[in-house]
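One structure is given below, encoded as structure tokens.
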Amino acid sequence: MASENSDSHETNSTLLVEDTLTISFQNISYNVATSCWTNINPRARKTRKTILNDVSGTFNAGELSVIMGPSGAGKSTLMDILAGYTKPSDGYIYINGRIRNEKKFRRRSCYILQDDKVQDMLTIRESLNFAADLKLGNHISQEQKKQRINEIIESLGLRAVIDVKSVNLSGGQRKRLAIGLELISDPQIMFLDEPTSGLDSSISKQIVYILHFLARQGRTVVVTMHQPSATLLRMVDRLYAVVGGQCAYVGAETQLRPCLEEMNLKCPAFHNPVDFLIEISAENSDMLIRESENGRNTRWMSNTLRDSDNNITVEYKPGEEVSLTMLPAPKEDFTRKTLLAIKSTYSTSFWKQFTILTRRSLWTIWRDPWFALTFASIHCGMALLVGTLYYKIGNDGFYALDTVKFLQFCLLFLMFTSFSAISIRFPQEIPVIRREHFNRWYSAGAYYMSTIISVVPLQTICTLLFAFITYFLTTQPVDFVRICNFCFILLMVSYVSLCKGLLIGAIFNVKNGVIMGPFFIMPFVMFSGNFIKTQDVPALFNWILQISFLKHGFVGLLLSVFGSERPNLNCEDHIYCHFKVPKTILKEYGALKEDYVSLVIALFGIGSTVAIIAFIILKIRLRNKW
Ligand SMILES: Nc1ncnc2c1ncn2[C@@H]1O[C@H](COP(=O)(O)OP(=O)(O)OP(=O)(O)O)[C@@H](O)[C@H]1O
């Protein structure tokens, strides 16, 4: 492991070391395939792109360390590797001198990604309550949870906006909330990717001051910043400059100027040496990397930085509302002690996670009733329109083919509404879920199940509303079993479409999902049994018929309405009535030999398979930044 000259610096600190974690990394490299071909072809493997090249370094407990560098230098990649989000291609990571145990490390660390997405529809109070339930479980009493939440609210200055929905918070307040949510379980190491991006200078100062304070309480705080201003740098203990995937400087900000001067790189007076470093780094990268020994050189660390802490507190008053002293030091904090004793990956059981997440999803729907009301209104409005257009045709043999068209329309309508709604909403949640899941709030399975369960009630109510209105307006047979069969098939088709929507949402972002979604659906529309009759489908495409949930749904509806020995249809007013006998319709669409129960089983099988595939893809996606 890389030795560190700053040991004395650590021991000088007022912190208790036994509770603290120092992270070191040695000879970290990371390269990626530039295309699928690079992965497959052994010769092409040599042409993989190197993003990080043999970097080393140490980030100490009690310090605020900043990974900085020009855009595309590899800061986020290094952060991902340190946080455990990405595995390096080569190299080692140590915690307090021992090889990192991923599982333990993840319980003690948190990673706040750049797009600090939070649950938009929840207020700060609700977000913190749900976070406390998930992260602290039953290990901590309700009283202690309340106390913890209060400490966080007061210390981060969120009291005035406690009942404001997150969607209405300012950038700085959202950042503070994102930090507060992770502080609930008091992590020993905090990683933040670009915590000041998009914030003005005074809010950036406030955020960096908070991070500086959290570090001084004994945490290891590592952040990436593109090009920190001179004001922010005064609060930073360690700079780690990355240029072209290698380390160009590691040390204190105050030592950067002398370090550059030693290499005859003269930073003009009154010029921020960090800006200067970035400006000259491209032409002088070899010399800088040699001097920093690619991160191993600790000569430029300063032992005097902490003396200036009092000045920082005086200089950077972070605003009236923030009162960080309300946050107890980790060594006095019951939360950390309790959580450190837990050996399992999550603080709560799968079932508990599932119930909390379902409660949260339902609560979110309740807080934003606009979507539910619109969804229900569309179903009712469309049902009235369809019912009016096909009014009272159900028992008329002359209109039997129109009844078939009506059945087909019901399927297509319910398929598109359930598919589109979830395929657009689901990918929007993924950034929040990625952060929460990565930070060990809950398992992907608990989230996935809760998502399905929480959308099912609205889907069921809307589908049933649509089914009843259309069924009775079109005067289909008033027979309890037929009505149940009709509704059940529509429900099954809407659930399968929901699973397909989840699959598309798991694979694509919203934009691509909207473009690609129809391509996944249209083949099934073509093979739904009406556009091309089942018996006319070439043998080559029979497999599509087998997996076409719309075809199974269509035949199921035909059987519900025309099957089970239904008496002849009314044909009194017409001279020729081809479909007077309902079996003629079933024969026409190849449904005569079909069995309702087998169709339901097929729909169930298709739905479950799609749901499982969607889950697997979601799990992969949560582990990758895609
Ligand atoms: N999976 C990947 N495939 C190909 N190139 C990648 C991949 N991941 C990262 N890169 C490239 O590696 C380089 C470093 O990326 P990284 O996101 O770490 O940079 P950064 O310093 O954080 O940049 P910024 O400040 O703009 O966010 C970039 O050029 C990026 O395009």
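Even glycines carry a Cβ here, placed using N, Cα and C.
Curation does not apply to TrEMBL; its annotations are automatic.
Record features, source TrEMBL:
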DOMAIN    23-269  domain 'ABC transporter'
TRANSMEM  370-391  transmembrane segment
TRANSMEM  403-426  transmembrane segment
TRANSMEM  446-474  transmembrane segment
TRANSMEM  486-508  transmembrane segment
TRANSMEM  514-532  transmembrane segment
TRANSMEM  539-562  transmembrane segment
TRANSMEM  596-618  transmembrane segment
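Most Cβ pairs under 8 Å with the transmembrane segment (514-532) belong to 539-562, among the candidate stretches 370-391, 446-474, 486-508, 539-562, 596-618. In this chain, the transmembrane segment (446-474) lies close to the transmembrane segment (370-391): three or more C-beta pairs between them fall below 8 angstroms, excluding pairs fewer than 6 positions apart. Highest Cβ contact count with the transmembrane segment (539-562) among the listed stretches 370-391, 486-508, 596-618 falls to 596-618 (criterion: pairs under 8 Å).
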